[in-house]
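A quick write-up on the structure given underneath.
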Amino acid sequence: MSNEGGVPNVVKFAFGGTAGMGATLVVQPLDLVKNRMQLSGTTGKKEYRSSMHALTSIMKNEGVFAVYNGLSAGLLRQATYTTTRLGTYAFLLERFTEKDKPLSFGMKAVLGMTAGGIGSFVGTPAEIALIRMTGDGRLPVEQRRNYTGVVNALTRITKEEGVLTLWRGCTPTVLRAMVVNAAQLATYSQAKQALLASGKVQDGIFCHFLASMISGLATTIASMPVDIAKTRIQSMKVIDGKPEYKNAFDVWGKVIKNEGIFALWKGFTPYYMRLGPHTVLTFIILEQMNAAYFQYVLKRDVTSAL
């Protein structure tokens, strides 16, 4: 389908990043709790009994505003990863959709995986900084990296550990992104299509909300095992040239052996509480910006963003 007369591709990319950054401002504390829960157990003891215990412990021991540690990295991640993935998906969706003939769920999943893989490679450096900055407070004082912000984190990582460290864990990061986007983008598009086809829901914020919640749940279940592997690899320290984990399979093996198979879904509550609202807010903001562009710039009927 041609882009002629529609939203320019550069605007689609800008909308994607803006939507992701807006959502991150709201859910950053949940992302921090999720990361802390996934790192709990790496020191040989279970640091947090639950998500609420993690949240209260962080505020008590590190201060109320500590829940926003790593915000600059979170925003940069959205500016790189989400800008690329949503912009690429919107572009591919338009490119491969024929007039009056919706794409199959399988094809949407393939496009989502492609967009996610590309976006994740671009966003991995910010992801590394985010994982380290949100996890720093759980370490003993003498072991903390104490990054002052995302620029300081990226600069120090490059200087102290080499530029390639910015892409450490890139494989599980890309794998996670492909799983997330295949589930999230395809499920959102499909759920929205089904809701509108039912005739019971009109195309608007409520429809976008329902489709987003369905998408968020499916994505959480599918992606958590990959996410915990990514989190632990990106947070690990290399001692005497020996990394704690060799690869994602090594992480899964050690987690299952030492913590049990359900530990692969450790932090499910904050993960879904973060991913659910983040998915909802991202898609609603994206759809509203898209609608406003059609109404005030193109001055014609709205065509769905995704």
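The backbone N, Cα and C atoms fix where each Cβ goes, and this holds for glycine too.
Lifted from Swiss-Prot, the feature list:
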REPEAT    7-95  repeat 'Solcar 1'
TRANSMEM  9-38  transmembrane segment
TRANSMEM  72-93  transmembrane segment
REPEAT    103-194  repeat 'Solcar 2'
TRANSMEM  108-122  transmembrane segment
TRANSMEM  172-192  transmembrane segment
REPEAT    203-292  repeat 'Solcar 3'
TRANSMEM  205-226  transmembrane segment
TRANSMEM  268-286  transmembrane segment
Secondary structure content, the repeat 'Solcar 1' (7-95) (per DSSP, counts of residues): 73 helix, 0 strand, 16 coil
Long-range neighbours of the transmembrane segment (205-226), counting only residues six or more past its ends (CB under 8 A): 172, 175-176, 179-180, 182-185, 187-188, 191-192, 195-196, 248, 252, 264-265, 267-268, 271-272, 275-280, 282-284, 287-288
Helix-strand-coil residue split for the repeat 'Solcar 2' (103-194), DSSP-based: 79 helix, 0 strand, 13 coil
Remote residues contacting the transmembrane segment (268-286) - C-beta distance under 8 A, at least 6 residues beyond either end: 15-16, 18-20, 22-24, 26-27, 30-31, 33-34, 37, 50-51, 54, 82, 86, 184, 188, 205, 208-209, 211-213, 215-217, 219-220, 224, 227, 305-306
Residues from the same chain, set at least six apart from the ends of the transmembrane segment (9-38), whose C-beta lies under 8 A from its own: 3, 47-48, 51, 54-55, 58, 66-71, 74-75, 77-88, 90-91, 130-131, 134-135, 138, 227-228, 231-232, 235, 266-267, 270-271, 273-274, 277-278, 281-283, 285-286, 289-290, 293, 305
Secondary structure composition of the repeat 'Solcar 3' (203-292) [DSSP: H/G/I, E/B, coil]: 73 helix, 4 strand, 13 coil
Chain residues in Cβ proximity to the transmembrane segment (108-122) (below 8 Å; excluding those fewer than six residues from its ends, i.e. six or more beyond): 80-86, 88-89, 92-93, 96, 167, 170, 173-174, 176-186, 189-190
Model confidence over the repeat 'Solcar 2' (103-194) (mean pLDDT, whole number): 92
